[in-house]
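**Q** I grabbed these lines from TrEMBL:
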BINDING   ARG67, SER68, GLY69, ASN80, LEU84, ILE85, ASP86  substrate binding site
DOMAIN    15-147  domain 'dUTPase-like'
Amino acid sequence: MKSIAIKILDQRVTTLPEYATPGSAGLDLRACIDAPLTLEPGQTQFIPTGIAMHIGDPNYAAMILPRSGLGHKHGIVLGNLVGLIDSDYQGPLMVSMWNRGDAPFVIEPMERIAQMVIVPVMQPRFHIVESFESESERGTGGFGSTGTN
Ligand SMILES: O=c1ccn([C@H]2C[C@H](O)[C@@H](COP(=O)(O)OP(=O)(O)OP(=O)(O)O)O2)c(=O)[nH]1
Ligand SMILES: [Mg+2]
């Protein structure tokens, strides 16, 4: 199993990110803030997680995704919709929190605010062609070309 280097930047962080269940895809990220923080409707705010992570292998990246419950019930999602963490990033892991709902939402210190998924990444080479080797069933059809039901 791969091991990824984590730096603890804030002494309030006492545990490493962990998978809640053996089958979890996401690691919960926590709000490393001093005091409860109110996110007004429409407001976006960077929230520190108190950790830095160096994936260090270009074959992997991390994606930060909203927690379903926060997004669905409270409209608390990500200001960048999805956060992408490059394998060479060594800075503090930040979560952009966006209140797209219509009520203020209070983020409590060390509350779980988002989740992070480590994903494989391919960095292919590219080459230019005049036409593709074979025509696929889809061809150039897109944007609903397969129908609506
Ligand atoms: O939700 C996020 C998204 C990004 N990052 C960090 C890690 C990532 O590797 C770096 C750059 O992110 P990205 O490439 O998405 O942003 P950019 O606007 O393209 O900035 P840059 O010019 O630094 O690449 O910022 C976070 O901490 N949280
Ligand atoms: Mg970038």
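Any Cβ shown, glycine's included, is placed from N, Cα and C.
Automatic prediction, not curation, is the source of TrEMBL annotations.
Keep in mind it's a predicted model, so treat the numbers as computed, not measured.
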**Q** Within 10 Å of each Cβ, count the other Cβ atoms and name the one among the binding-site residues SER68, ASN80, ILE85, ASP86 with the highest count.
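**A** The most densely surrounded of these binding-site residues is ILE85.
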**Q** Just to confirm: which same-chain residues, 6+ apart in sequence, have a Cβ under 8 Å from the Cβ of LEU84 (substrate binding site)?
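**A** Those within reach of LEU84 (substrate binding site), by Cβ under 8 Å and sequence separation of 6 or more, are ALA61, ALA62, MET63, ILE64.
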**Q** For a three-state summary based on DSSP, what are the helix, strand and coil counts in the domain 'dUTPase-like' (15-147)?
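**A** Once the DSSP states are binned, the domain 'dUTPase-like' (15-147) shows 7 helix, 52 strand, 74 coil.
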**Q** Determine the C-alpha span of the substrate site listed in the record, that is the greatest distance between any two of ARG67, SER68, GLY69, ASN80, LEU84, ILE85, ASP86, in Å to the nearest whole number.
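**A** Roughly 26 Å, rounded to the nearest whole number.
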**Q** Average pLDDT across the domain 'dUTPase-like' (15-147)?
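**A** For the domain 'dUTPase-like' (15-147), the model's average pLDDT rounds to 97.
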**Q** Which residues, sitting 6 or more apart from GLY69 (substrate binding site) on the same chain, put a CB under 8 Å from its CB?
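**A** In sequence order, no residue meets the Cβ cut-off.
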**Q** Please check the binding-site residues ARG67, SER68, ILE85, ASP86 against ligand 1 and give me the ones with CB under 6 A, sequence order.
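**A** The ones that qualify, in sequence order, are ILE85, ASP86.
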